[in-house]
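Positions annotated as repeat 'PPR' by TrEMBL: 169-203, 204-238, 270-304, 305-339, 340-374, 375-409, 480-514, 515-549, 550-584. Among the features that TrEMBL reports, domain 'Protein kinase' is placed at 654-1031. The ATP binding site annotation in TrEMBL covers Lys683.
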Amino acid sequence: MLLASSRYVPLTRRLWLPQLRSSSLLSVPSDDHIVRLILDQKSASGALETFRWASTFPGFIHSRSTYRALFYKLCVFRRFDTVYQLLDEMPESTGLPPDDAIFVTIIRGFGRARLTKRVISVVDLVSKFGIKPSLKVFNSILDVLVKEDIDIAREFFRRKMMASGIQGDEYTYGILMKGLCLTNRIGDGFKLLQIMKTCGVAPNTVVYNTLLHALCKNGKVGRARSLMSEMKEPNDVTFNILISAYCNEQKLIQSMVLLEKCFSLGLVPDVVTVTKVMEVLCNEGRVSEALEVLERVESKGGKVDVVACNTLVKGYCAVGKMRVAQRFFQEMERKGYLPNVETYNLLIAGFCDVGMLDSALDTFNDMKTDAIRWNFATFNTLIRGLSVRGRTDDGIKILELMQDSETVHGARIDPYNSVIYGFYKENRWEDALEFLLKMEKLFPRAVDRSFKLISLCEKGGMDDVKTAYDQMTGEGGVPSVIVSHCLIHRYSQEGYMEETLELINDMVTRGYLPRSSTFNAVIIGFCKEDKVMNGIKFVEDMAERGCVPDRESYNPLLEELCVKGDIQKAWLLLSLMVEKSIVPDSSMWSSLMFCLSQKTAIHLNTSLQDIIENRDMSCSSSSGSDEDDEGFDAYRKGGYHAVRIGDQFAGGRYIAQRKLGWGQFSTVWLAYDTRTSNYVALKIQKSALQFAQAALHEIELLQAAADGDPGNTKCVVRLIDDFKHAGPNGQHLCMVLEFLGDSLLRLIKYNRYKGMELSKVREICKCILTGLDYLHRELGMIHSDLKPENILLCSTIDPAKDPIRSGLTPILEKPEGNQNGTSTMNLIEKKLKRRAKKAAAKISGRRVSIVGLSETPTKNKRNLDGIDMRCKVVDFGNGCWADKKFAEEIQTRQYRAPEVILQSGYSYSVDMWSFACTAFELATGDMLFAPKEGNGYGEDEDHLALMMELLGKMPRKIAIGGARSKDYFDRHGDLKRIRRLKYWPLDRLLIDKYKLPEAESREFAEFLCPIMDFAPEKRPTAQQCLQHPWLNLRTQNNEDQIEGQMSNMQIKGSCS
């Protein structure tokens, strides 16, 4: 018998004896005591000895729980024969047959040993004791089989379970679903789901979640979203799966919709999911929304960790908001999310990116104080930042610290290459070569290959150069910038332009911008290959990447064009140089003049002024505009949609007539509405996700404004329609707006920056205030970017540009030819031509001063009589609801309110501040505030100083009450760096500088000054301003007249 007694008492049991004797059961141990003793044994024999020993106690009888504990230990040590023997003895010993828990323990033991046949045989083992196997036993077997082989599991389900009349439950189907999904049999998973419904078994959340996870894992997120709609009660895991999947696909809108639904159901996603959402938001530059997500999760009791916080720090650093990143860093510590080395590294990288190198060094030193150990990334980031920004010697000091550090093991070449780049950028070639030589002890192979390549580039054969370079890269080596410089020069000389461009791209990809001495070799190479236009495009590309071309960059291009006799392109290139403030040298002028003398009858002594005044050389555009357009580079995937005159939109309803303008996010076209026979403004957004989201937000605000103003009397631009348009660059959101005239900025320019009569200023102010009152009081909306550019007259200044007043015949078909079908090189020429007029004006101005002609007399302001001064507020791209703000920094600099600068919170009153600045600009032609950086202070502090010089000292409570107050004010409320202020009250400014009559100046100042109160809550509302006496000096019924005029306007056509 296995239960034979023994005198031996193991040590573990001896330790238990006092406890057993002191128990209320006297000398008889409890089942729980014996179970724990058995489970504590480190061997099968020990467990068996303990089991036998417990049998020696008088009155103690083993129970199912002690047997189950023993079976578990025996299965762990694979003593399955002993398990079978004990099972046979159990009914006689305990008087009870084994129960489900014992059989499940044995099944799992067989499963761990991967004894599949024995697992299946447990069904027969149960029957041996006269017991019908339960669903729990079948499910346990099925669970083990699924992990081993789904086909065996399915066979068992059909032949054993269903044949035995066992109807599976939710758990049964959940096990099968898990097996199918683990093997990517998603189609079979859907069939199983249908079988469950047919059999009357309602799929639970676990079953759905398993299938959802498999779909998302295989990239079928849309189908997963559809499946989720079938679920009656999705849980937090459901949302975690789908939100994470959308984030992985960078589908932010869908992620945010599901996140909002998750919150609305009272569920909170896990920290991994929250971090993914925040990461996608930060990648799109929407860091304030990422912070909002984090705060909502915290407020709902969700878990947040340092990784999530680091994601937000990284986001702030990416958009250059380092002060905000610092404040959040401090907030992390306060909340108990202790920053780790990654947090500090992100801050150091961010400071380096924006050029705040001293702050980066301070953060580096703080790590030592805060007991955070530097790692390789810390050193590498700081060395790179210092070297790139011209402080290579400081970078070497950090490199020396890294070499002495105990936390960085093994030499890695990246920081050394950064130091070499620093020397290269500072034009310290000898220092770079000397430093490279010192690296030989650490990187002998890399240094040997580098000097070999430098030598071969100077005097070796081209085949040898390529072989040596291939050998270096084949060994995993990365060329330093001085090696890349030598290779670029040699490849360019030999005409290997494709390889040259690969080297340039490799440098830029690694963050090393080439100096002009490097990329000029590429330009010379293009010229030698007779590819001048490629060279011009290359210069433009390098400039856009941040490189700085010099005179030598343009010289070979200009010379080559002149040799070819292409005077027009040569002139355009010269104009481009002048625009970039690069002064042509004598050789350039000689080349240009020689080309002129050869190509035309013009003599060498022809004056430059004659050349400029030549219409063929002025390159004015057909539209007469002197402003740059958006450029062809932005017409790519995610960018603008290329529109041709006559193109149709919205199923042919709108037909493009001509371009009205462009912005950073969209182009705007005059279009003809064939349904209403009116002219409209068609705004076509860029197709990238972030621009589409911005457009959706603007449409939401515009639609709300339109719905609340059916009579079109509120002086706010009217949205007529919106739709999506698919093009080669993606899907573009389009808005159809009423056609309006020129902006107030254009009106100010038209008036030669001289300021308008105050009677006309009043008329415009009433319209703006009517619009603001509607936005604020009736809609609860903040415009947040009010300025002259965003207020449009209802009619054009020039009647000839108004399609109604000019009698323009609409274009209903595409004209013959292809307006946008030019080649890339022709587009480059067009880009140069757009800039030529500006450059010509600059050169013309210089020549006038050289020849000693008298200065052009100051031009008087124009007569504005006859121009309709009614206007409307437009451009809601930065607008927001007052109760749902999405940005801390709003408003264009010159029109920004003090509370926005100090970050002390904002509301409707920020629009009122911008309105006051706009009104002043209309009356004087000058911006009220034009802050600039100075010696030791930035634009923000200068802006605050200008405000106080005009309005008086800012109250201390307001000065020190903002999140950024400490950056500008001391504890007394005085500016830290600008100590001397020259006070010039508004009324005196209007009298002394702008020569306005004293009475008019005083009345105008009394109107504006309250609107610019430093305390936002004290500023009058738009409704209160409309009642101010200054606005009603001339007529009593002006406001009613404006409202009546607005109601008579063509909503979808021009304002007349």
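Placed from the backbone N, Cα and C atoms, the Cβ positions cover glycine too.
According to DSSP, the residue listed as 'ATP binding site' sits within a strand segment. Non-local neighbours of the repeat 'PPR' (204-238) in the same chain are 170, 173-174, 177-178, 180-181, 184, 186, 189-190, 193, 196, 244-246, 249, 251, 254, 262, 265, 267-270; each lies 6+ residues outside the stretch with a CB under 8 Å from one of its CB atoms. Other C-beta atoms found within 10 angstroms of the C-beta of Lys683 (ATP binding site) number 26, with every protein chain shown included. According to DSSP, the repeat 'PPR' (270-304) comprises 26 helix, 0 strand, 9 coil.
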